[in-house]
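Now, the feature entries from TrEMBL:
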- 16-296: domain 'Homogentisate 1,2-dioxygenase N-terminal' (DOMAIN)
- 297-447: domain 'Homogentisate 1,2-dioxygenase C-terminal' (DOMAIN)
- H309: active site, proton acceptor (ACT_SITE)
- H352, E358, H382: Fe cation binding site (BINDING)
- Y366, H382: homogentisate binding site (BINDING)
Amino acid sequence: MTISSANAKTGYDQLEYHPGFGSAFRSESVPNSLPKYAHVPEKVPYGLYTEGMTGSAFTAPRASNRRSWLYRIRPSAVHNPYEEYTGNNTLVYNFNQDNTDEVTSTPQQLRWDPLKVKGAENLDFVDSIRTICGAGNAQMKSGTAVHWYQFGKDMDNKAFYSSDGDFLFLPVKGELLIQTEYGRMHVPPCHIAVVQRNMKFTVSRVGDHSPNEPASGYMFEVFNNHFVLPDLGPIGGNGLANIEDFETPTACYEDTDDQWTIVNKYGGKLFQYTQDHSPYDVVSWLGNYVPYRYDLQKFCSVGNISFDHADPSLQCVLQVPSETPGTSIIDFCAFPRRWSAVNDTFRPPWFHRNIVTEFMAAVAGYAAPKDGCNLHNPGTAHGPDAASTEMGYSGKIPDGPIQVGAEGSMICLIETYLPLNPTKWALEESGCLQPNCNDQWLGIKRHHTLPESSYAG
């Protein structure tokens, strides 16, 4: 038997969403299925069960307190015992230096061709996840990780949730349909989606694709705290990622008697349990602990209009604050097509050595070999390659406004105060690490015109 709400069969490109970020939403797939005032009434409308979900401690300050109430056909506790899941044993959760079997601590500049998962066409989303790099330890709820997914099979009667942290999805190839307990989200490339800790979800491919054609992209996982909007400061009340452009799915449910497998990421390891009904039987919900998506092409870039370059933090979409004010576990930044309008300025990005780590990923509009990703850890020098540097010094780039990036292009960057240790898969098993990354700078010439009288000898 299968019963579902009327909107459960809506086309992925016609889904409705609640606009806003950090709001307390109310969502019903059946009218009047939410309680009128109490969260846990003796009798819930339509005979549903009440289930609370928290994203913060009960006593967290009200401004950062996150919780939702779900009204579902059966409670989540109705399932068989947990067992070890053996479909994917490649995930890394301990990025500390003592875990030399899985990660390497290195200051070396690293750059990858587009990443590939072997046998991806026969893997589903869960089994395709590979860890690129990270910091800290998921078991201790401290740090962050960068993952890559590449799958050609949809998750049939299978759901996934992480008890370790929040996921930010960044699709590169292929459109995703992410079904959650709160509703469904369509997430094509140049969009992001955030699914927070303990929220069940299923990932499928949609759009134009051939059978078993893999969809691929990045996932950024944070083990402590949640993503928030950055403060705008002197920018004012508007700009960067505007609040109204974030979208949260609307409630829809399905009531089935099918066998389902639920996979749980817990302490960096995978477990599973089975149940005889769909996990997506939430008829209505309310609260502010929710999944959401955002179209990166709606990002309103702000930049210099006189001279010099702005710091990349000015492109911040979302951030995960640390305990140190102004310092983030993650700053997630987006670089869409935009204008650069400056005079008397070296136009390529400047050379720099940062106190933070930079992990950059090309999403759209950039040709090989720059359409993969790169990693520069704290203190490691980097900047434009020799050809770009020579162009910057040549005087051939005119002053004034120029467009940066092609139509539809997108590069994304995360900055973190934590050193990111790459995994054995990223360095060796993927086969995508570019050799001799440093060669791109070896051809940089001397241009100085210092007087001979200044020479020491």
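Just so you know, glycine gets a Cβ as well, placed from its N, Cα and C.
Structure coloured by features recorded in TrEMBL.
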{"residue": "H309", "record": "active site, proton acceptor", "Cβ neighbours (10 Å)": "17"}
{"residue": "H352", "record": "Fe cation binding site", "Cβ neighbours (10 Å)": "14"}
{"residue": "E358", "record": "Fe cation binding site", "Cβ neighbours (10 Å)": "21"}
{"residue": "Y366", "record": "homogentisate binding site", "Cβ neighbours (10 Å)": "15"}
{"residue": "H382", "record": "Fe cation binding site", "Cβ neighbours (10 Å)": "22"}
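Annotated Fe cation site H352, E358, H382; additional same-chain residues within 8 Å of its Cβ mean position, judged by their own Cβ, are F351, R353, N354, H376, T380, A381, G383.
Each residue contributes its Cα atom, and for the residue listed as 'active site, proton acceptor' and Y366 (homogentisate binding site) those atoms are 21 Å apart. In this structure the C-alpha atoms belonging to E358 (Fe cation binding site) and Y366 (homogentisate binding site) are separated by 18 Å.
Following the DSSP three-state reduction, the secondary structure of E358 (Fe cation binding site) is strand. For H382 (Fe cation binding site) paired with Y366 (homogentisate binding site), the C-alpha to C-alpha distance reads 19 Å.
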